[in-house]
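Here TrEMBL flags 34-56, 76-99, 181-201, 262-286, 292-316 as transmembrane segment. The domain 'ABC transporter' feature in TrEMBL is assigned to 357-596.
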Amino acid sequence: MNPLGEASFRQLCAQIPKVLRRIISMSLRIDRSAVLLLLACPVVTGAAAGVLLAATARAMRPILGGGTVADRLHQALPALLAVGVAAGLTRVAGALATYAERRITPRLTTETDTALVEAVCRVEASAYAVDGFADRQEAAEMGVIRTHVMVTDAQRFLSALVRMVTAAGALSVLNPLMLPLLLLAVLPAGVGAVLTARVDYEIHYANIADRNVRGMMRWWSTTPKYGDEVRANSMTDYLLFWYRSLSDRCDQRTLAAAPRTLRIALGSSLAASVFLVATWGALAWLAMSGRIALALAATAVVAVQTTLAALSQVIINGAALFHTSLYLTDMQAFLDDAGERAPKRGTLSVAAPVEEIRLEEVVYRYPGKDKPAIDGVSLTLRRGEILAIVGVNGSGKSTLTRLITGIYLADKGRVGWNGMDLAETDPATVWKQTGLVPQIFAQWPLRVRENVTLGQPYAHDDGPVWDAVDAVGMRQAVEDLPAGLDTLLAREVFGGAELSGGQWQRLACSRALYRCPPLLILDEPTSQMDPRGEHQIFERIKAIAANRITIVVTHRLENTKIADHIVVMEQGRITEQGRYDDLVHANGTFAELLELSQDR
Ligand SMILES: Nc1ncnc2c1ncn2[C@@H]1O[C@H](COP(=O)(O)OP(=O)(O)OP(=O)(O)O)[C@@H](O)[C@H]1O
């Protein structure tokens, strides 16, 4: 829903003081003295504009009076000096304002950007599946982009406002008729600018979903990671066609709005021109009819020019601030929503050793899905045991591991760690005890060392890192890299290296082993490994199993021989369980799947 659809024009204009307050308070948290400097500059500029106009009026009298040119200039000299000093002060204030803005903007952008990234990282994982979450995040990104210009806009707006008030004040003293005429001359431009900003925002809003998908497509199409797949499957043309179509759709919406913006621009320009002609006409009439002295009329010309320039700036920057306010509102709404979705589970705390994890009649349904992915699972895991979870695709194996680790909370039923309900336990204390090799694991563009230690404090000792590398048979491969553990694993970066798929998977396993977690979960941990690597990993799992709870999710049923207990999942339920030898002879799904895997 577009929030602008319900907002009145006055409400929209009322946003400006609010957004100014917001920008100032955000900036104050970044650099207090720079903000004070920034606020002082418009005051100096305003005072300088006042001095400039008063001095101009004073200089005009002798200049337009009688006597020789030298005499007239001599008499006007002090006033002309004052004009020079005022102009100089305006420049200095402008330079100082730019300096202050440059001290604030980079850090403000970083703070806002980091706040957004942190908010997304900290939400409950289930939030990602909520409809529209990604689109709202995309809309919020625009707020971060606006922080690049919003301090400058705010500073220019305030500075122009003060200059305008001063010049307008001087103008009303010269003749009360001038100001209302001038305001009328600029008002249409103001209305036009705000209406145009509104149209721009409407287009932005309509394009959010397409832009979001286009951004993802761009990354997936251009990242070297998927380059082989794109080329060898002749995907390029279709991907480019799709990318282009998304861009075209966005362009069409923008183009469709162009006649509206043209009408706004023409209408406001016409009205502004009529009132501007009236202003200059009024000034000429006042001077010609002797209602205003020539010297004052000359000053009025300067005052009209100053007011006009300042008013235009007020309008341009006011419209920019109004625009900013829309995006900041989106950003704040997303941050508030993300804050609401951050885990609020309770203060219970899990500590090692984890003796028992018990699931009681656990049910979990993904948002927007009709059927539960997990439907009444009860299970007990004890320290020292290896549990294997098997079943066909989509039967709920990975979802079950997410419920066991508390990444998702059960909709119904209970998951207890050492008797503590995960719904009431601080998740950070739970995840300190877990090590997970997910089915789709990240290939972090970090050095080898960080790829192993990520998520765990590094003790400035490579011994345990090499142990974890050894455990997955990667020592030789790492030693062969250009800088060993210091090699950056990002092919795209100069000096970076790339691993093979199986080597990446070994590294993901070494990361989980380095953590020495009380709960070790391996979801298809060896799907890309050669038999030697696979054998080594499963030997290792057996060797360290006594001190922890181990869960292995696998489609290679031979691997479940190492398990103390096997559960077979079907449509979110456990339909069979037991040891390998029992299940092989039970004539159930396990036996069927095993037979199929051997039937070649
Ligand atoms: N993030 C998600 N959002 C919505 N539905 C999901 C999500 N992840 C999984 N599902 C659905 O939940 C069900 C169980 O998925 P899950 O990934 O747990 O299956 P799995 O047994 O691990 O499958 P596989 O063997 O293919 O890895 C599936 O129907 C799937 O479509």
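Using the three backbone atoms N, Cα and C, a Cβ is placed for every residue, glycine included.
Within the same chain, residues 175, 177-178, 181-182, 184-189, 191-193, 195-196, 199, 292, 297, 300-301, 304 sit at least 6 positions outside the transmembrane segment (262-286) and bring their C-beta atoms closer than 8 Å to a C-beta of that stretch. Through the fold, the transmembrane segment (34-56) approaches residues 24, 27-28, 79-80, 82-83, 85-87, 89-90, 92-94, 96-97, 99-101, 103-104, 151, 155, 158-159, 161-163, 165-167, 169-170, 298-299, 302-303, 306, 310 of its own chain, all at least 6 residues removed from its boundaries and within a Cβ separation under 8 Å. For the transmembrane segment (181-201), same-chain residues at least 6 beyond its ends with a Cβ under 8 Å from one of its own Cβ atoms are 4, 9, 12-13, 168, 171, 257, 260-261, 264-265, 267-272, 275-276, 278-279, 282, 304, 307-308, 311-312, 314-316, 318-320, 322-323, 326.
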